[in-house]
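Only one structure is covered here, and it is reproduced in the block below.
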Amino acid sequence: MSDEEEYSEEEEEVPVDTKPRHSVIVVEEKGDPEFVKRQEQKSSALDEQLKEYIAEWRKQRAKEEEDLKKLKDKQSKRKVMRADEEKRMAERKKQEEERRVREIEEKKQRDIEEKRRRLEEAEKKRQAMMQALKEQKQQKGPNFTIQKKDPSFNMSSAQIERNKTKEQLEEEKKISLSFRIKPLEIENLNVDKLKVKATELWDAIVKLETEKYDLEERQKRQDYDLKELKERQKQQLRHKALKKGLDPEALTGKYPPKIQVASKYERRVDTRSYDDKKKLFEGGWATLSSESNEKVWKSKYELFANRSKSKLPKWFGERPGKKKGDPESPEEEEVKADAGVDDELEEPTFEPEPEPEPEEEAAEEEAEEEEEEEEEEEEEEEEE
């Protein structure tokens, strides 16, 4: 049920509610006049409220009808716009499908033409070969021709580019520029065509600049990759050389290292030079062993000769096996000291000393022990 039908039912119900009230008032008019008066006042107040409610309801209904009308208008406009959009989309899809079909047909046509061209070239080559064979049979000469060797036969394209002279490069540059740079031909063009020509040139400049930037970035990236790969290869070669017991820079040089001979029994890498190995086969093992023994004995002799030489105590007496530079014994020192003064004196005669008593002998022994300890301490201090 629509809103209009509901509203019409409410309008019909309102007067139905008011009729019994009037009938009640008519029935009660026969009673107390004051009561009747109050009832009339109440009925009039209710009628006014009802009228206000009806007026408010009609305003609200008119507003809702207006909003509903606006919504219906928007809906109809949206339907029209959607239909137009669907129509445009269908047209665009149709054009896209036609373009795709046309491209497929053009590609097929190009493939057919390319195949026909290859077949024609193959047929021409075959006919030329047959003609050459016929001429050869007629001439009855050698079936081959020796051509002069091109100097750039075994050279790569990069080597050929590097070996080109300056004049050749200039000539190639002129030829390439003549293909790329075309004449403008703007003599008989009006303003609109000149604008179109300017936009075309601007687009070409933008395209060339973008290609230039892309190539520069690609070159930077490739240079970085090459540096990284070279460094990685260098590190791997260093580790490989260290594993083989070689110098870390042995494998990174211009020439490869010499072949290392591994011991069959010890499973060790032989790091000796070629000359050392050659001496082994020439009977140099004895010389090597003698040289090593001489080095050992020489080092021991140097340690013995450079030892610290201490002075002997006076009670030691004469040193046996005295050599040049060794400290003299106490007797020799006293003899040298007295030699300069008492050379002309006669040798004195001494009387035998009396035998000492036991107490004196013990005291002398203690004194001698103390002197020995003092001399040992002095020698230790001198050595330090």
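Backbone N, Cα and C atoms are what each Cβ position is placed from, and that goes for glycine too.
The model shown is predicted, which means the values in this text are computed figures rather than measured ones.
Taken from Swiss-Prot, the feature compositional bias 'Acidic residues' applies to 1-15, 328-384. Feature annotation from Swiss-Prot assigns region 'Disordered' to 1-23, 61-169, 237-257, 313-384. Among the features that Swiss-Prot reports, compositional bias 'Basic and acidic residues' is placed at 61-74, 81-126, 316-327.
Sorting each residue of the compositional bias 'Basic and acidic residues' (81-126) by its DSSP state yields 46 helix, 0 strand, 0 coil.
Residue counts for the compositional bias 'Basic and acidic residues' (61-74) under DSSP, split into helix (H, G, I), strand (E, B) and coil, are 14 helix, 0 strand, 0 coil.
Break the region 'Disordered' (237-257) down by DSSP state and the numbers are 7 helix, 0 strand, 14 coil.
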